[in-house]
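According to TrEMBL, the protein has these features:
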{"type": "REGION", "residues": "B:19-39", "note": "region 'Disordered'"}
{"type": "TRANSMEM", "residues": "B:49-67", "note": "transmembrane segment"}
{"type": "TRANSMEM", "residues": "B:73-90", "note": "transmembrane segment"}
{"type": "TRANSMEM", "residues": "B:134-154", "note": "transmembrane segment"}
{"type": "TRANSMEM", "residues": "B:160-179", "note": "transmembrane segment"}
Amino acid sequence: MAMHFIFSDEAVLLFDFWRVHSPTGMALSVLVVLLLAVLYEGIKVGKAKLLHKTLENLPSTSSQQLIPEPDQDSTGSGSTPANSTRLRWFLCYFGQSLVHVIQVVIGYFVMLAVMSYNTWIFLGVVLGSAVGYYLAYPLLNMT
Amino acid sequence: SDHMGMNHMGMNHMEMNHMDNNSTMPPHHHPTTSHSHGGGDGMMMMMPMTFYFGFNNVELLFSGLVINTPGEMAGAFVAVFLLAMFYEGLKIAREGLLRKSQVSIRYNSMPVPGPNGTILMETHKTVGQQMLSFPHLLQTVLHIIQVVISYFLMLIFMTYNGYLCIAVAAGAGTGYFLFSWKKAVVVDITEHCH
């Protein structure tokens, strides 16, 4: 295994079927890796936004227990809406865990692509991370 | 409220520098399971460079730690799964510790010129830890452990063994699911007043 960066039009990336022999194939592979890096940056922002949404959908019962309200009438009513809110929160939270798994896997894939020590692929990853960061982070509106 | 703030400890665990390998590679046994040889150049690939599923002659991190049977692979799967879960838990625990120990909030108020010649007071809020405090030392130790485990997980993923890679991903997902649960509830309670 080469342990230094090389410029080459031949590479094997991640899977047995992903073999690159030609400049066209390399260009396509660089594009795919670039999009993977963009997706990785986007997912990081997406997860933060999902977390925000999860906190908005927090089941109201847990916060009511800790902040005692002067009138106890409001706690008894609305058991059915509270259940649907709880389910919505759970789905939000489960979705967040799935997004986390995808983020971990994509992160490792990008790392393994860089490990091929192909300079074109590496540049694709760097450019993709830059583009992804540039596009995604402004969407993180800080409240 | 800062629950929308980017969690750098959680997000940057993959952005680590590739370790540059100055020493010679230890002799790797060529796995006999199904994955293709590289090119026809006569030189055998010592390390698999594509994903494969197998449990024969799989070297794992340390010399002497070789998987040869399905039973050993199952054991390795569970161990890697638990390691990835522990990693996620450690990240969450560090965040919680950091939040709890950030009690020293300093407010600096400075007069700044405003429109129409008025003077406005601008207040800067600084949150931090003292360097020689126990929480910071504990954070440092936990950071080292976190870095080492993250590199181990990367090296495990680098074996390109399908079973072990799935164990890493599934462990990370399960750990995130179990440990972020508490974080998702706690964060809202503590920042309710913002």
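These residue numbers are counts, starting from 1, taken along the chain as shown.
Glycine residues also receive a Cβ, built from the backbone N, Cα and C atoms like all the rest.
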Field: For the transmembrane segment (B:160-179), distant same-chain residues with Cβ under 8 A (at least six beyond the ends)
entry: 35, 47-55, 58, 60, 73, 76-78, 80-89, 91-93, 153
- request: For the transmembrane segment (B:73-90), could you work out the same-chain residues 6 or more beyond its ends whose Cβ comes under 8 Å from its Cβ atoms?
  value: 55, 58, 60, 67, 142, 145-146, 149-150, 152-153, 156, 163-164, 166-172, 174-176, 178-180
